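Peer 1: What Swiss-Prot shows for this protein is this:
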type	residues	note
DOMAIN	369-397	domain '4Fe-4S ferredoxin-type 1'
BINDING	Cys377, Cys380, Cys383, Cys426	[4Fe-4S] cluster 1 binding site
BINDING	Cys387, Cys416, Cys419, Cys422	[4Fe-4S] cluster 2 binding site
DOMAIN	407-436	domain '4Fe-4S ferredoxin-type 2'
REGION	602-716	region 'Disordered'
Amino acid sequence: MLKLFSAFRKNKIWDFNGGIHPPEMKTQSNGTPLRQVPLAQRFVIPLKQHIGAEGELCVSVGDKVLRGQPLTRGRGKMLPVHAPTSGTVTAIAPHSTAHPSALAELSVIIDADGEDCWIPRDGWADYRSRRREELIERIHQFGVAGLGGAGFPTGVKLQGGGDKIETLIINAAECEPYITADDRLMQDCAAQVVEGIRILAHILQPREILIGIEDNKPQAISMLRAVLADSHDISLRVIPTKYPSGGAKQLTYILTGKQVPHGGRSSDIGVLMQNVGTAYAVKRAVIDGEPITERVVTLTGEAIARPGNVWARLGTPVRHLLNDAGFCPSADQMVIMGGPLMGFTLPWLDVPVVKITNCLLAPSANELGEPQEEQSCIRCSACADACPADLLPQQLYWFSKGQQHDKATTHNIADCIECGACAWVCPSNIPLVQYFRQEKAEIAAIRQEEKRAAEAKARFEARQARLEREKAARLERHKSAAVQPAAKDKDAIAAALARVKEKQAQATQPIVIKAGERPDNSAIIAAREARKAQARAKQAELQQTNDAATVADPRKTAVEAAIARAKARKLEQQQANAEPEEQVDPRKAAVEAAIARAKARKLEQQQANAEPEEQVDPRKAAVEAAIARAKARKLEQQQSNAEPEEQVDPRKAAVEAAIARAKARKLEQQQANAEPEEQVDPRKAAVEAAIARAKARKLEQQQTNAEPEEQVDPRKAAVAAAIARAQAKKAAQQKVVNED
C-alpha cells in the first residue's frame, strides 16, 4: 500500500487554470510516415532564424558550397546557419522571410547543383568522454535552436542552465489542433529522440528527466515506452489533452507543480525544457556530426491532396513544399505558417522554410468558416476564464487600444503567451492576440528608446566626468609647476643655502690665536675688496647712464642757451634799475663767480667729450638762435618798461649769468665743430647781422633815453659790459665763418 501511494505521489500531475478544447484535426497528417521532398532548384537561407543577432557572413557570391557548410560564423548568441544542399551562392541580398509582415531580411541564395554532397562529417559516438563545454560548443556551432517555435539558441540555453538544473523536461505535448510534426517524429525516430535526451542529460546532470506527452498520441506513447523499457532514468508522463498544455510555463506546472516567477525563467526554479525536435537535432549534431539543415514540417489542410509530415530542407520555398503535396488553392486561399491558434497568415508563398517552421496549414473555405466582423466588447469575462496565464484580456484590450502602456505593463501583458485562447472564446470576434502583439511591440520600442537615452546620458556623464578629471589634473600640474622652482632657481637657492650654512659654520667655529702669531684676515680683506670693487662698478655704470642721459639735442641746447641769455639780460636790467637793499661783499661775489665759471667749464668738457647723436643743420640752429634772441629782447623790453614787483638777489643773478655764459660757449663750440650739410648764403647772413645790430642800437637808445629810477651798481655794469663784448666777438666770428 505504501508503494502504491509513493508511486501515486511520484506520478502526480497538476492542472492549470483556463485552457480550451478545440476540435482535433491531427488525424489528417499523422497517419503517414515521414517522407523526403525533392530538392528545390533555389534555396533562400535567412541569416537570422533564431532569437538574437545574425551571424557574420563567411561566404561570397560565386562560392561553391556543400551541404552542412557554415554560411555564417556564430559568436556569443549569434547562431550560424548552414547550406541545406550543395550548389553555388548566386546572391546575398534581402528577401522576404517567415514573418506576419513578410519583412525582408538579409539572406544567402543558393542554386542547387542536384548532387547534394555533404561536408566531411565527424561524429562523436563516445560523447560521454567529452567535456561539457565541448558538447555545448559543438551544439552551438552546428546551429541547433529550439524547434518548438521559440528559436532560442540551444547552446546558450544549456550554458545558462549551469549546475542549478534539477529537472529536465522534454516537451512532447504538441497541443495545436493540426500540428503532428513531433508526433510523427516520435513514432518514426523514437530511439534517436531518446539518445538526444541522454546527451542533454549528460550535459546538465539533472536529478530527474521528464517527458510530457498528451494522451491524444497513443502510437508515439507506445513507441517511447518500448524504447524506455529498460531505462529508469527517464520518466514518461502522459497528461490530459488540453490547450495550451504545450506552453513552457503550463507544462512546467503540470509536471512539477512549480510556477515560473513573473519576469523570470524556468531555470530560476531549477527547470530546463527542450522540445522533442530539438533533442533529435542534438543527437544528429553530436553523434552524426550533421549540422541542422532540415526539419520535420506538417503539411495539412483540406486544400492539400496529400497531407502528411515531410523532411523539409531549410530555405526551401513554401510554394515548392505545397506543390509537392498536391496543393489545390481556391480563389481566396490562405496559407498559415504554424497552427490555427498561434500561427500567422503568409502574404505570399515565396517565403522560405526556417528553423521555427513546424506546420503549413492550407484550409479550405468550409474548414475555417466565414470571417466574422469585429464587434464591441461586452465584458462577458469569457476571455479571462480561458486565459491560462491568469491575466485579464479584456483590460489589456482596452489599455492596448488606448495606448496606456504603463497600465498594460502593470497588468503583466508580458506574461501573455499569445496562445489565442481568449480570441477563440470571444463572442465579439475581437482579435485580441493581434492587439496584444502590437502593444508588446510598442512597449519594446519604448524601452529600447529609453535604453538608448540612458546609454547616451551615461556617455555624456562619463564625458563630463572625464573633462572634470582632466581639468583638475591640469590645474594640479599648474599648481605644482608654480610651487616647484625651476632648475636654475633650485641651483641658486641651493648655492645660497650652502653659503648661509658655511657662514653659520664659520661663525660658530672658535677662533684660536696662538701666542706670537697674528690672525689670518686675508679672507675678510678679500671679501671687503670685492664688495668695494662691485660698488665702484655699479657707480661707474650709473655715471655712464647719467652722462648718456645728459647728452641732448644740440638744437634744444641752442634754444635753451638763448633763453638763458634773455633771462640774464632781464636780470641785469632789473638789478641795474633796482636799488640794492644791502651792500654785497665783493669777495663773496668773486668766489661765487669763480665757482660758476668752474661748473661751466666742467659742463663744457663733458659735452665736448660726448659724441653728438646726430648732426645739426647750422641754418636751423642759426634761425632758432635768432628767434630766441628776438623773443629775449622782446621780453627785456616788456620787463624794462614794467615796474619790478620785488628785489632780486645780486649773488643769484651773478651765478645765473655765469651759467648762461657757459651754455652759450657750449653752443658756440657745437656749432663750430658741426660740419654744415650745405653752404650758407653770405648775403642772408650779412642781412641778418645788420638787422640784429640795428635792433641792438635801437634797444640801447631806448635804454639810454629812459631815465633810471635809481643808481646803477658799478659792478653790475661791468658784468653787463663784459657780456656784451663777448656777444659782439661771437657775432664777428660767426660772420667771418659765413663769409668764408
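Even glycines carry a Cβ here, placed using N, Cα and C.
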Peer 1: Quick one: Cα separation, Cys416 ([4Fe-4S] cluster 2 binding site) versus Cys377 ([4Fe-4S] cluster 1 binding site), in Å?
Peer 2: 19
Peer 1: Can you tell which of Cys377, Cys380, Cys383, Cys416, Cys419 has the least company, meaning the fewest other C-beta atoms within 10 angstroms of its C-beta, among these binding-site residues?
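Peer 2: If we count Cβ atoms within 10 Å for the binding-site residues Cys377, Cys380, Cys383, Cys416, Cys419, the smallest count is at Cys380.
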Peer 1: Work out how many Å separate Cys387 ([4Fe-4S] cluster 2 binding site) and Cys377 ([4Fe-4S] cluster 1 binding site) at their Cα atoms, rounded off.
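Peer 2: Answer for this pair: 16 Å between alpha carbons.
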Peer 1: Measuring Cα to Cα, how far is Cys419 ([4Fe-4S] cluster 2 binding site) from Cys380 ([4Fe-4S] cluster 1 binding site) in Å?
Peer 2: 19
Peer 1: By a 10 A CB contact count over all chains shown, which of the binding-site residues listed here is most packed: Cys387, Cys422, Cys426?
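Peer 2: Buried the deepest by this measure is Cys422.
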Peer 1: Looking only at the domain '4Fe-4S ferredoxin-type 1' (369-397), how are its residues distributed among DSSP helix, strand and coil?
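Peer 2: The composition, in the requested order, is 10 helix, 0 strand, 19 coil.
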Peer 1: Compute the average pLDDT of the predicted model within the domain '4Fe-4S ferredoxin-type 1' (369-397).
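Peer 2: Result for the domain '4Fe-4S ferredoxin-type 1' (369-397): average pLDDT 91.
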Peer 1: Inside 8 A of the center formed by the CB atoms of Cys387, Cys416, Cys419, Cys422, which other residues of the chain have their CB, for the recorded [4Fe-4S] cluster 2 site?
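Peer 2: Sorted by sequence, the hits are Gly18, Cys383, Ala386, Pro388, Ala389, Leu391, Pro393, Ile417, Glu418, Gly420, Ala421, Leu432, Val433, Phe436.
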Peer 1: Inside 8 A of the center formed by the CB atoms of Cys377, Cys380, Cys383, Cys426, which other residues of the chain have their CB, for the recorded [4Fe-4S] cluster 1 site?
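Peer 2: Going along the sequence, the neighbours come out as Ile378, Arg379, Ser381, Ala382, Pro393, Gln394, Tyr397, Cys422, Val425, Pro427, Ser428, Ile430, Leu432.
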Peer 1: Taking helix as H, G and I and strand as E and B in DSSP, count the residues of the domain '4Fe-4S ferredoxin-type 2' (407-436) in helix, strand and coil.
Peer 2: 17 helix, 0 strand, 13 coil
Peer 1: Provide, as an integer number of angstrom, the distance between the C-alpha atoms of Cys377 ([4Fe-4S] cluster 1 binding site) and Cys422 ([4Fe-4S] cluster 2 binding site).
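Peer 2: With the alpha carbons as reference points, the distance is 12 Å.
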Peer 1: Could you state the whole-number distance in Å separating the C-alpha atoms of Cys422 ([4Fe-4S] cluster 2 binding site) and Cys380 ([4Fe-4S] cluster 1 binding site)?
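Peer 2: Just about 12 Å between their Cα atoms.
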